[in-house]
Amino acid sequence: MADLSLLQEDLQEDADGFGVDDYSSESDVIIIPSALDFVSQDEMLTPLGRLDKYAASENIFNRQMVARSLLDTLREVCDDERDCIAVLERISRLADDSEPTVRAELMEQVPHIALFCQENRPSIPYAFSKFLLPIVVRYLADQNNQVRKTSQAALLALLEQELIERFDVETKVCPVLIELTAPDSNDDVKTEAVAIMCKMAPMVGKDITERLILPRFCEMCCDCRMFHVRKVCAANFGDICSVVGQQATEEMLLPRFFQLCSDNVWGVRKACAECFMAVSCATCQEIRRTKLSALFINLISDPSRWVRQAAFQSLGPFISTFANPSSSGQYFKEESKSSEEMSVENKNRTRDQEAPEDVQVRPEDTPSDLSVSNSSVILENTMEDHAAEASGKPLGEISVPLDSSLLCTLSSESHQEAASNENDKKPGNYKSMLRPEVGTTSQDSALLDQELYNSFHFWRTPLPEIDLDIELEQNSGGKPSPEGPEEESEGPVPSSPNITMATRKELEEMIENLEPHIDDPDVKAQVEVLSAALRASSLDAHEETISIEKRSDLQDELDINELPNCKINQEDSVPLISDAVENMDSTLHYIHSDSDLSNNSSFSPDEERRTKVQDVVPQALLDQYLSMTDPSRAQTVDTEIAKHCAYSLPGVALTLGRQNWHCLRETYETLASDMQWKVRRTLAFSIHELAVILGDQLTAADLVPIFNGFLKDLDEVRIGVLKHLHDFLKLLHIDKRREYLYQLQEFLVTDNSRNWRFRAELAEQLILLLELYSPRDVYDYLRPIALNLCADKVSSVRWISYKLVSEMVKKLHAATPPTFGVDLINELVENFGRCPKWSGRQAFVFVCQTVIEDDCLPMDQFAVHLMPHLLTLANDRVPNVRVLLAKTLRQTLLEKDYFLASASCHQEAVEQTIMALQMDRDSDVKYFASIHPASTKISEDAMSTASSTY
């Protein structure tokens, strides 16, 4: 109609004659030429000519169009090197355009043009470095904000794709950025330049960052005039630390970080709190423990609520940086090798190289060049799977991961037994075994000397200096009895490798000296531990008199001068006290095995609370983490603080190790009963990871009750448990695992019936659970759920359920005898193959199709048990069933060799059925019965059919 109206208007303009080329009176036909019949001037121009024409246009949009079409122009002239260079020269002129939108449009195209130049480098060498990079660098200081932003994005994109040569980065990019961050530079430009420097540091590497970027970055951290600059530095501090490495971080960056953490602007301090974990990862354990911990405590107690909030969110990740294999107890062991073979291999491996922390070695095998700060003795593995082995091993081979402090303070009993085993129990070897077999560098010694003065060392009663050899000769009088170690292990003496540091009288003196400083949380914790030890030792004094005398004699004979390289760190003072306490009471001993932890029920609740002292992380940090469940924190810090605590808990648990799980147990139970479902949901999604960390014994004792509670929680919480149901149940003992068979049915019931994804996830998990249960359990408990899901209202749930049923058929048929498999097939035929509803009969065809595709049944068995019932559906009254049957027979069944090679009666029956379907009255049935199997995908067609039956 629009064309007719235009035609009428043109006819009325007779005077002009415009638009009328010819008029034939005979045919009365008006011929109107199209605009395509004319050749425009632009088409007559070369690509370079069009570029020049529009680049010189006064119309801004034309110049923008030129910038947008530069890449296409380059592609047109890429065969001619001169034309390519000419286009690049036009780009340089276009970069001087006075209109900011044109410059911004040009900068958006630069990364694409640079990539093109890189791909065509032989024809246009150095094109990017000569023509494009100077424009990008110049625009970093452009007056227009949009142009600067696009140039910054372009620069980062070019660096990320490695399109800028290293030489150009050093000579063209970095000098400009350093100039832009000069004191007299524009404030906005300076802030943006600092951000660019920080973001490009990981891309350019350590060398360039350390030489060119780091000095200016340190200056910007101290920018007194612009807090925005300091805030950018603080926000990117972790990235810079991770690039430059540990030495540069500790020497140059940490002093600036301390200044930023005490900045008078709360936004700067908040940025420091957010990147604290990354900074911690770039420092050594000693600095992390002695300096960063105290700094972090200051941030947690910051006057600004926003700083405290960020600090508490980073607390869990920061604690996780203290993790190492010796404290977490997580390391790999090849189950196929015996303990003796592992020890021999480790001994050979550690002769020529420094032993890593996650390698199992005996104490006598520890190389002498290990430093105290990084060494850890991991003895023979006594995880729960090897508890029976551990009971028959010497005490010196118990698996106890030790940190550097415990390495210097191994118990005399453990060393005596180790010496007896290796040196025929000669008395002269006690001294050599007590002497540390690790060396310290001069730097480590200096640091340890500085930390020797602390509250514990200052107020404690000095240990007596007694000659060890003389006292041993007086008390032993000769060789120790070969039965000595066995007798000690049978008595009430604890098997912990710790030194008894004081007698009961000395403990009382320690408490008396510490009481004036009870305001200090660390001192208070020490006093509580010592008090509990005194009470416990007095209760059991009449039972342990003999064993305590023996141990106190050995303790009095320990000469401190024999341990010149063993200093005690400030943070290690608390665990050493607790170690002494644990040695004085058999109920307070250091445990690594899961079975011991789960069976150790001699603590009263008060005593267990008082003994939450560990040596993996500074106790003050752990106390702050445990306080995150305090209701007052939600009011004074963050309403989501409990959720952050729950999110970080698996990492904290891994850091502390399963031997310190008692420190977190109460907190975990508090979080599991939190009123906010988001907190419980977070725990539900990670409970399987925590179970791996704790092992089966602790999981059964502490996690299973909470897991059971989650099963009855809201759907938002239950989905977290359901998504990792297999991962959790496989860690449980078979008897405990079978208890959940009765509860799987409950997952079919949801708060909202429309929550079909819940049922789909259940089907996915049931497929994985098949391997955990016996054929009888699968048939009795999982089969009803699977058949229920096959009849679900939602096609996606049904589709996964078909896979579940087929895997179930495979497992049950492979069992001996295959009775359960035959019964399941008969039930499928009865409930689905002969179902009065057409959707049930369609489901039967889907199951048969999946069984064939996944080879869940041998074809001869399929032909006997399922195929006869499948072929009867060729006469089904519903076309959808016949369509799916035609697809299954033609595209799946006939692809199997069994039906291609053999000329059996089964093959004849299939061919007759297909011929009948080819003559079906429904066109779709005819099509799929006649189509070649390779011309379409069965899964796509099947899914389309399934979705049509929602």
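Counting starts with 1 at the first residue shown.
From the backbone N, Cα and C atoms, a Cβ is placed for every residue, glycine too.
Sequence annotations record features per position, and here Swiss-Prot assigns repeat 'HEAT 1' to 1-25.
Mean predicted confidence for the repeat 'HEAT 2' (26-63): the pLDDT average there is 70. The repeat 'HEAT 2' feature in Swiss-Prot is assigned to 26-63.
Residues annotated as repeat 'HEAT 3' in Swiss-Prot: 65-81.
For the repeat 'HEAT 4' (82-119), the residues of the chain that approach it from at least six positions outside its boundaries are 47-48, 51-52, 55, 60, 63-64, 66-68, 70-71, 73-75, 127-128, 130-132, 135-136, 138-139, 142, 144, 146-147, 150-151, 154, 157-158, 161, 163, judged by C-beta separation under 8 angstroms. The annotation repeat 'HEAT 4' is assigned in Swiss-Prot to 82-119.
The feature repeat 'HEAT 5' is assigned by Swiss-Prot to 127-164.
What Swiss-Prot lists as repeat 'HEAT 6' is 168-206.
For 208-246, the entry in Swiss-Prot reads repeat 'HEAT 7'. Shown for the repeat 'HEAT 7' (208-246): DSSP residue counts in helix, strand and coil, namely 32 helix, 0 strand, 7 coil.
Counting residues per DSSP class in helix, strand and coil order gives 30 helix, 0 strand, 8 coil for the repeat 'HEAT 8' (248-285). Residues or ranges marked as repeat 'HEAT 8' by Swiss-Prot: 248-285.
For 326-374 (among others), the entry in Swiss-Prot reads region 'Disordered'.
As annotated by Swiss-Prot, compositional bias 'Basic and acidic residues' applies to 332-365.
Taken from Swiss-Prot, the feature region 'Disordered' applies to 413-438 (among others).
The feature region 'Disordered' is assigned by Swiss-Prot to 473-499 (among others).
Annotated repeat 'HEAT 10' per Swiss-Prot: 505-542, in sequence order.
The DSSP breakdown of the repeat 'HEAT 12' (698-734), given as helix, strand and coil counts, is 29 helix, 0 strand, 8 coil. What Swiss-Prot lists as repeat 'HEAT 12' is 698-734.
Marked as repeat 'HEAT 13' by Swiss-Prot: 799-837.
Taken from Swiss-Prot, the feature repeat 'HEAT 14' covers 861-898.
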Next on the checklist: Should anything in the same chain at least six residues away from the repeat 'HEAT 6' (168-206) have a Cβ under 8 Å from its Cβ atoms, list it; otherwise answer none.
Outcome noted: 129, 133-134, 137, 140-141, 145, 148, 152, 155-156, 159-160, 212-213, 216-217, 219-220, 226, 228-229, 232-233, 235-236, 239-240, 242-245
Next on the checklist: For a three-state summary based on DSSP, what are the helix, strand and coil counts in the repeat 'HEAT 5' (127-164)?
Outcome noted: 29 helix, 0 strand, 9 coil
Checklist entry - Going along the chain, which residues at least six beyond the ends of the repeat 'HEAT 8' (248-285) come within the CB cut-off of under 8 Å? => result 210, 214, 218, 221-222, 227, 230-231, 233-242, 291-292, 295-296, 298-299, 302-304, 306-307, 310-311, 313-314, 317-318, 320-322, 324, 373-374
Checklist outcome for this item: Helix, strand and coil residue totals from DSSP for the repeat 'HEAT 6' (168-206) stand at 32 helix, 0 strand, 7 coil
Item to check | Per-state residue totals over the repeat 'HEAT 13' (799-837) - DSSP helix, strand, coil | outcome: 31 helix, 0 strand, 8 coil
